[in-house]
Amino acid sequence: MANQVIKCKAAVAWEAGKPLSIEEVEVAPPKAHEVRIKIIATAVCHTDAYTLSGADPEGNYPVILGHEGAGIVESVGEGVTKLKAGDTVIPLYIPQCGECKFCLNPKTNLCQKIRVTQGKGLMPDGTSRFTCKGKTILHYMGTSTFSEYTVVADISVAKIDPLAPLDKVCLLGCGISTGYGAALNAAKVEPGSTCAVFGLGGVGLAVIMGCKMAGAARIIGVDINKDKFARAKEFGASECINPQDFSKPIQEVLIEMTDGGVDYSFECIGNVKVMRAALEACHKGWGISVVVGVAASGEEIATRPFQLVTGRTWKGTAFGGWKSVESVPKLVSEYMSKKIKVDEFVTHSLPFDQINEAFDLMHAGKSIRTVVKL
């Protein structure tokens, strides 16, 4: 099958705001420096829902969504040297070419090698590998894991431990790595510190895990859904608060609770008003607030400059700052040695033909992560 078109099932988004449709698609063989992967498991993330809603400025249709997956290499294109058929892999929405100025700079993980084409839903050569009913279907985030087979650039693949359970480690393709790295790499949380985590979904729980790993003495979870508090405490939150329980702004509540503010705060929702609250909940002189959530297109953040003049830092992170190709295998190893939690994030498991239910569970706030098995 290596040089042939594969016919398989995929969940196609024909247009914004409509449920995904399970279709038979054709997946072309990998071209030079591309890899075709048989996807074994994929999770559904808020970013997929964000694009499907129509709010994503890079949302193009028809498209195969999905970016939190894991699978086995089926075949490789010409010039691929670091991967071979049979390798166990996680596709990466942030690549690591190792050559661009971003990859060569230790301060960032934002490889730009294929950014332009990836943003258009195309492979690096400007074309797609997917067709359905005679129509070209676009790629998504360079990964498109909602398909039994997908084609990705060879710089967008992490080769991982073949013994790793793919229905678990697929989560390391986005949410867990993003939150965990926000605490360790972006904030650089210090032992004995106080942290506040806004938004207790999968990413927020991963931030809590990272804060705890870094030795934070106090971790305050913040969410308007109190049903999320028990799980947040299982992950390491010392206490949880609901902004709706207070008559004053949540930043004032946190400042009073922590003798002047928290050392580190994290916004894991994508709400610009919450981003402001997270910054203003930080301690004068040294507080750091990390924006992790993705806001809707066109949204702007605001605060008084005095907040920054008086020593607070506002920063953001993508994929937790991890340089992807080299870091994801290490994160899988940390999971395999029980250093980090992954299983605990999986609240539901569904067969592929019920993938739309995964979105329903997420919108209802009933799931942390739903894993879909292909």
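Residue numbering: from 1, along the chain as shown.
Each residue, glycine too, has its Cβ placed from N, Cα and C.
Source: prediction; values computed, not measured.
Spatially close to Ala2 (N-acetylalanine) yet at least six residues away along the chain are Pro29, Glu74, Ser75, Ala85, judged by Cβ distances under 8 angstroms. Look at Ala2 (N-acetylalanine): DSSP puts it in coil. Under the heading N-acetylalanine, Swiss-Prot lists Ala2.
A coil conformation is recorded for Cys45 (Zn(2+) 1 binding site) in the three-state DSSP classification, outside any helix or strand. Long-range C-beta contacts of Cys45 (Zn(2+) 1 binding site), restricted to its own chain and to partners at least six residues apart, with a cutoff below 8 Å, comprise His67, Glu68, Cys174, Gly175, Gly202, Arg369. Per Swiss-Prot, Zn(2+) 1 binding site is recorded for Cys45, His67, Cys174.
Look at Swiss-Prot and you will find Cys97, Cys100, Cys103, Cys111 tagged as Zn(2+) 2 binding site, backed by similarity to another entry. If you draw a 10 Å sphere around the CB of Cys97 (Zn(2+) 2 binding site), it holds 17 other CB atoms from the protein chains shown.
The site 'Important for FDH activity and activation by fatty acids' annotation in Swiss-Prot covers Arg115 and rests on similarity to another entry. The Cβ of Arg115 (site 'Important for FDH activity and activation by fatty acids') lies under 8 Å from no Cβ of any same-chain residue at least six residues away in sequence.
Among the features that Swiss-Prot reports, N6-succinyllysine is placed at Lys233 (among others), with the record citing similarity to another entry. Around Lys233 (N6-succinyllysine), the same-chain residues six or more apart in sequence whose CB sits under 8 Å from its CB are Gly221, Glu239, Cys240, listed in sequence order.
Residues annotated as phosphoserine in Swiss-Prot: Ser247 (among others). In this chain, no residue six or more apart from Ser247 (phosphoserine) has a CB-CB distance below 8 Å.
For the recorded site, Lys315 (N6-succinyllysine), the DSSP three-state label reads strand. Per Swiss-Prot, N6-succinyllysine is recorded for Lys315 (among others), and the stated evidence type is similarity to another entry.
According to Swiss-Prot, the phosphoserine annotation covers Ser324 (among others), on the basis of similarity to another entry. Non-local contacts of Ser324 (phosphoserine) by the CB criterion (under 8 A, 6+ apart in sequence, same chain) comprise Leu92, Ile94, Pro95, Gln96, Asn109, Cys111, Ser156, Ala158.
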Message: What whole-number Å value do you get for the CA-CA distance of Cys100 (Zn(2+) 2 binding site) and Lys315 (N6-succinyllysine)?
response: 23
Statement: Whole-number Å distance separating the Cα atoms of Cys103 (Zn(2+) 2 binding site) and Lys315 (N6-succinyllysine) is 20
Field: Rounded Cα separation (Å) that holds between Cys97 (Zn(2+) 2 binding site) and Lys315 (N6-succinyllysine)
entry: 25
Message: Return the count of C-beta atoms lying within 10 angstroms of the C-beta of Cys100 (Zn(2+) 2 binding site), excluding that atom itself.
response: 17
